[in-house]
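According to TrEMBL, the features are:
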type	residues	note
COMPBIAS	1-13	compositional bias 'Basic and acidic residues'
COMPBIAS	20-37	compositional bias 'Low complexity'
REGION	1-42	region 'Disordered'
REGION	533-555	region 'Disordered'
TRANSMEM	50-74	transmembrane segment
TRANSMEM	80-101	transmembrane segment
TRANSMEM	128-154	transmembrane segment
TRANSMEM	166-186	transmembrane segment
TRANSMEM	198-219	transmembrane segment
TRANSMEM	239-258	transmembrane segment
TRANSMEM	279-301	transmembrane segment
TRANSMEM	331-350	transmembrane segment
TRANSMEM	376-396	transmembrane segment
TRANSMEM	402-428	transmembrane segment
TRANSMEM	471-492	transmembrane segment
């Protein structure tokens, strides 16, 4: 743990300069600091090197986006120049977000989980409200069905097996379960698998970029590779909505640059925040350059009108024109399936840490079970939660428009939390200054914080209809409804029921096997000053602890 963060934690937990805790501490003690307690012994191990951190980011970014999104973006912008400009602009926005995360991680270098940690520290009041809201939305939307479905589709295609709903779902469920077994059985092995798969994925992108250069040099069957680059901005759309949607699509391809921050406490380094910062710059810089070159390759090899009408098959058109139909039918599906596999692994590793951090805040049922690392020293509980939700989504497919609606629904609460994260950096700066704490070792420019919010705008489409058959803003209303439900749940559970029951809800920190530390929420009754003063019953488990033989004052 860094010396910088130790001082802050001791201020919260009442430790002296030598790190000795107060004599009254025990295996269960009142939690004084906001959010989940720091685990100084690193129960999940420290297996993440700089190379692994870079590959964790790259593996999540290299999914299906670069193989499918460029055609949709070109159709929305209606010009080659504007489309390529967006592939340069959006990485700048991602770099702004990375800078913001760098400052947060320098404040909390020994906490995994990423955004969940930043929000709990920035918004401790109203007590438990932000953690509860984030927990409900993050867990319910933590499935990885999209990548597993695409993996199944392209794998069946590569093997020349007829695709049926049963085969597709069966293969998707199988790959999700196999990936989960890897993450549950061994963190070390799963990270090595991510490294190996991502290395091949990066080589694949390099191959595509070099193929594009070969096209421009006239070394392929493509006759006029520069025809699409003449007058590149002719016909550019003037619709703000179309540009905003294109930015969202491009941004989708870069999701994953923050994956390293979800395993921050597992980074094998004297300064985990610095390593995560370097990994972010390397991975985002590398992927940004490769994505841009691949888009240039697509435009050089495929006529503009074919790209616009290709939907999600622009990569197939590129392979067909440069390497022939055989390569397009055999090689491309393998490349995309491999990209999806690496994406599934990387997401499961990262999201498991997010869910575990949510559990360690004490607001989930059976929080100590979910936070536990038994029996393999890995976050088995959070991985099983992800798998269960993914299988549910796979086996209970929605109607025609519902899947796109669910993806939009997931994006809206995330948008709100993302904006709250940006504002939270200013809140923490002011709070630290007021408390007399030193400034964060890394500080993001205020202009960068504003730039990070640049892709959050939503503009109504003409006619009020987007990519679904019903009202385009339905997902916005539904997303706000989810947050309203979180607020109602918070009020009933944290405010109303304690008032009616004559108790208050307090956090206590539990010490579990393997160095695991987690908070639990308990009831502390206010009435009947005698025995009931010390009655504590773990929330969400439905049991009441036996009354102690000798009443003691509440702590």
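Using the three backbone atoms N, Cα and C, a Cβ is placed for every residue, glycine included.
Unlike curated records, TrEMBL annotations are generated automatically.
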Q.
Counting Cβ pairs closer than 8 Å, which of 50-74, 128-154, 166-186, 239-258, 376-396 has the most of them with the transmembrane segment (198-219)?
A. 50-74
Q.
Please tell me whether the transmembrane segment (166-186) and the transmembrane segment (376-396) touch - that is, whether there are at least 3 C-beta pairs under 8 Å between them, with each pair 6 or more apart in sequence.
A. yes
(Q) Would you say the transmembrane segment (50-74) and the transmembrane segment (239-258) are touching, if the rule is that at least three C-beta pairs must lie under 8 angstroms and be 6 or more residues apart? (A) yes
Q) Of the listed stretches (50-74, 80-101, 128-154), which one yields the highest count of Cβ-Cβ distances below 8 Å with the transmembrane segment (279-301)? A) 50-74
Q) To the transmembrane segment (376-396), which of 50-74, 80-101, 128-154 is linked by the most Cβ pairs under 8 Å? A) 128-154
